[in-house]
Amino acid sequence: MGRKLDPSRKEKRGPGRKARKQRGAEVELARFLPPEPETGRKKLSSHGRRRAAKRRLGAGSGPAGRRPLGGKGRGGEEEPEPTGQAARGRSGFSDGNSKWLAPAKAKKTQPKGNHVELSSDGEVEEGWEMEEDDDGSSEEMVDDYGASSSEEEELLPIEKAALKQKPDREGLSEDDSEEEEEEEEEEEEASKQKMGQKEEGPDLQLNLDIDEQFKLPTSEEIEKEDILFISEPPDLHLIHQRIQGNMEVLQDFGAKREEGRSRQEYLALLRRDMAAYYSYSDFLLTKLMDIFPLPELVNFLEANEVPRPVTIRTNTLKTRRRDLAQALINRGVNLDPLGKWSKTGLVIYDSTVPIGATPEYLAGHYMLQGASSLLPVMALAPQENERILDMCCAPGGKTSYIAQLMKNTGMILANDSSAERLRSVVGNLHRLGVTNAVVSNCDGRQFPKVLGGFDRVLLDAPCSGTGVISKDPAVKTNKDEKDILRCAHLQKELILSAIDSVNAASETGGYIVYCTCSIMVEENEWVVDYALKKRNVRLVATGLDFGKEGFTRFKDRRFHPSLKCTRRFYPHTHNMDGFFIAKFKKFSNAIPQAQKDEEPAVEAAAPSPVPDTITEPPPKKKKLEGSKADKEQKLPQPALKKKHSLQAQRKPLKA
C-alpha cells in the first residue's frame with residue numbers, strides 16, 4: 001500500500017528541509033512509463049467549468065467586450081459571412097470540420113489567460129491556443145455559439161497582473177528554492193549553536209564556580225540539612241559535589257583553604273558527607289579514614305558498591321582446567337583464566353546456564369570459590385603425606401583445595417565449631433571426591449588438648465567482615481568498636497592454639513598461615529604482633545608475588561619490622577575481596593618463660609587479655625597426673641591412708 005507516484009505532477013519544492021525532495025525522479029521514471037499522447041488533456045477546474053457554462057448560455061446575447069460574429073477581425077477588417085461548409089461548422093460540429101477543430105501539432109505558445117481546448121466529447125475547453133494553420137490563416141478557435149476563445153478581456157486586472165508575473169516566477173523558482181533551502185539550513189545551524197551555547201553556559205559557569213573555591217557550610221546550614229534528612233532523602237548530587245570540592249581543598253590545603261578554618265573541620269564535613277552518600281556508620285568510616293589516604297579511600301568505597309567477579313576453582317582430582325573450560329564454553333559460559341598466579345582458577349563473565357547447577361558442578365569438576373580464598377592455601381603450600389589441620393574449615397573450599405594439592409594423600413583434619421556449617425563441608429567433600437579428610441566439631445581454642453603434632457595449620461579466623469562489604473552491605477552499619485575488639489580477642493586465642501598444635505620438629509612443615517577477610521589493623525597486624533611476642537615463631541614470606549605489605553606502624557602503635565612479610569589485598573587494587581595473610585614458622589615447641597612477667601603489661605596494652613590457661617600446655621599436665629596415679633597404685637594401703645588424710649587436711653586451706 002502507499003501513495004502512487006504520478007510523474008506528470010510537478011514536485012513541490014518547499015523552502016524547508018522537510019519539503020526538499022529528490023530531484024530527477026521524473027526523468028528516471030519516464031524510462032519505464034508508457035509515452036504520453038501528443039494531445040495532452042487537462043481537466044478543467046470548477047471555476048473553469050462555470051465560466052464555460054456561462055459562455056454557452058450567453059453566446060446568443062453577445063456579451064460586452066467580445067467580438068460578435070461577422071464583426072471586425074484582428075486586423076480591423078470586416079470578415080465575410082461564412083457560407084456552405086464553413087457556415088455549417090460555425091453552427092455545429094461535424095465530421096467535415098473535425099480537422100479544423102483539432103488542435104494543431106505546432107509548438108506550444110506561452111499561455112495567456114484561460115485558453116480553449118477540444119475535449120473528448122467535442123466541446124471546446126480551456127487549453128492550447130491555436131496558431132497559423134497550414135493555409136496560413138490565423139483565425140481563432142470559436143466555441144459552439146461562435147464566441148471567441150480569447151478570454152483576456154473578461155479577466156480582472158489583478159488576474160492579468162498575476163499572469164504576467166507567473167513566467168518570471170517559474171523561471172526563478174528552482175534557483176530561489178535552492179538558495180532558500182541553503183539559507184534556512186545555515187539559519188538552523190546558527191540557531192542550534194546559539195541554543196547549545198545558552199544551555200552550556202550555566203553548567204560551565206557552575207563548574208567554574210565550584211573549581212574556583214570551595215566554601216564550608218555554616219553550622220546553621222548543617223543543622224537545616226540534618227532536619228531535612230529526617231523528613232526527605234538527602235540530595236546525593238549536591239553531597240557528591242561537596243565531597244569532590246572538599247577533597248580538592250584537602251589535597252592542597254595550604255593554598256585552597258578558607259581563612260580561619262582548620263583541617264579538622266574539613267575532615268569532619270568530609271566524613272559526614274561520605275557517611276551519608278555511601279551509607280556507612282561514623283565509626284567504620286573513621287576507621288577507614290585512618291587506614292587509607294583520601295583518594296584511595298574514595299576508590300575503596302566505590303569498589304565496595306560493585307560486586308566482585310564470579311570465580312571457580314578447577315578440581316584437578318577429577319579434571320583439568322582446559323577440559324573444564326571447553327565443556328563450560330560449549331554450554332554458553334563466557335570465561336577466562338583467573339590470572340598468571342593461579343593454575344586452577346577461572347573467572348566467569350556471563351553464562352546462559354546457572355553456574356551452580358551444571359552437570360560439571362554436580363559431578364565435582366569445580367568449586368565456586370572467591371579468588372581471595374585461593375591465596376591462603378597457596379601460601380600454606382601443603383605437601384603430600386602430611387598431617388594438616390584446617391581449624392575453621394566451613395564451607396570446605398580451602399579444605400578441598402588442600403586435598404587437591406596433596407592428591408588425596410596424608411590426612412586433613414577439617415574442624416569447625418558450628419555443626420550446621422559442617423553439613424556443607426561434608427557435602428562438598430563428597431561431591432569433590434576428597435578421601436583423606438576427617439571432619440570434627442570442636443572449639444578451636446581447645447584444640448591442643450584434642451589433638452596436636454600437625455605439620456601445618458591453616459587458620460581462617462572469624463572476623464568482622466570489613467573486606468567483603470560488597471557481599472554483605474549490612475557490615476556498613478552494624479559493626480561498632482565492641483565487635484572489632486571481640487573478634488580480636490577471639491583471634492588471639494585461636495592463633496595461640498594453632499601455634500601450639502604445630503610440631504616444630506616436623507621435617508617438612510612447622511608452618512602456620514593466619515588469614516582474615518577483614519582490613520582492620522586490630523584484627524590483623526595487632527594479632528600477629530601479639531603472637532610473635534607470645535610464642536617462638538617468626539614471620540616468613542608468603543610466596544605470593546602481589547599484594548600490599550602489612551603495616552609496621554599504625555597511628556601511635558609500632559609493630560615488629562617483620563610484618564612487612566604479611567600481605568594485604570584490597571577490592572579497588574586487586575579486584576578481589578579484602579584479605580589479610582600472614583605465614584609463621586615455628587622454630588621451638590617451648591613456650592617463652594618471659595611471658596609471665598610481660599603478661600600484665602601486654603594485658604594493659606591489649607584491649608582483651610588472653611587467659612592464663614593457655615600459657616601451660618595441657619597435655620603435659622595430663623601426663624603428670626597419669627604418672628601420679630600410677631605411683632599411688634604402687635604404694636601400700638597404710639601409706640595411701642596417710643596421704644588421703646593429709647589431703648583432707650589441706651582442702652580447707654585451698655578453699
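Using the three backbone atoms N, Cα and C, a Cβ is placed for every residue, glycine included.
Caution: TrEMBL annotation is automatic and unverified by curators.
TrEMBL lists 1-206 (among others) with the feature region 'Disordered'.
The feature compositional bias 'Basic residues' is assigned by TrEMBL to 10-22 (among others).
Taken from TrEMBL, the feature compositional bias 'Basic residues' covers 42-57 (among others).
Look at TrEMBL and you will find 59-73 tagged as compositional bias 'Gly residues'.
According to TrEMBL, the feature compositional bias 'Acidic residues' maps to 120-143 (among others).
The compositional bias 'Basic and acidic residues' annotation in TrEMBL covers 161-172 (among others).
Summarising the annotation, TrEMBL assigns compositional bias 'Acidic residues' to 173-189 (among others).
Under the heading compositional bias 'Basic and acidic residues', TrEMBL lists 190-201 (among others).
Marked as domain 'SAM-dependent MTase RsmB/NOP-type' by TrEMBL: 300-587. Across all of the domain 'SAM-dependent MTase RsmB/NOP-type' (300-587), the predicted model scores a mean pLDDT of 93.
What TrEMBL lists as S-adenosyl-L-methionine binding site is C392, C393, A394, P395, G396, G397, K398, D416, D443, D460. A394 (S-adenosyl-L-methionine binding site) counts 21 other C-beta atoms within 10 Å of its own C-beta, drawing on all protein chains shown.
Same-chain residues at least 6 positions away in sequence with a Cβ under 8 Å from that of C517 (active site, nucleophile) are, in sequence order, S372, C463, G465, G467, V468, D577, G578, F579. Annotated active site, nucleophile per TrEMBL: C517, in sequence order.
What TrEMBL lists as region 'Disordered' is 595-655 (among others).
Residues annotated as compositional bias 'Basic and acidic residues' in TrEMBL: 624-634 (among others).
Summarising the annotation, TrEMBL assigns compositional bias 'Basic residues' to 640-655 (among others).
Taking Cβ-Cβ distances under 8 Å and a sequence gap of 6 or more within the same chain, the neighbours of C392 (S-adenosyl-L-methionine binding site) are N415, D416, S417, G444, L459, D460, A461, P462, L494.
Cβ neighbours of G396 (S-adenosyl-L-methionine binding site) (same chain, under 8 Å, six or more residues apart in sequence): A414, S424, V425, V426, G427, N428, L429. Its own atom aside, the Cβ of K398 (S-adenosyl-L-methionine binding site) has 24 Cβ atoms within 10 angstroms in the protein chains shown. All protein chains included, D443 (S-adenosyl-L-methionine binding site) registers 14 other Cβ atoms within 10 Å of its own Cβ.
Residues listed for S-adenosyl-L-methionine, C392, C393, A394, P395, G396, G397, K398, D416, D443, D460, cover a largest CA to CA span of 20 Å. Broken down with DSSP, the compositional bias 'Basic residues' (42-57) shows 12 helix, 0 strand, 4 coil.
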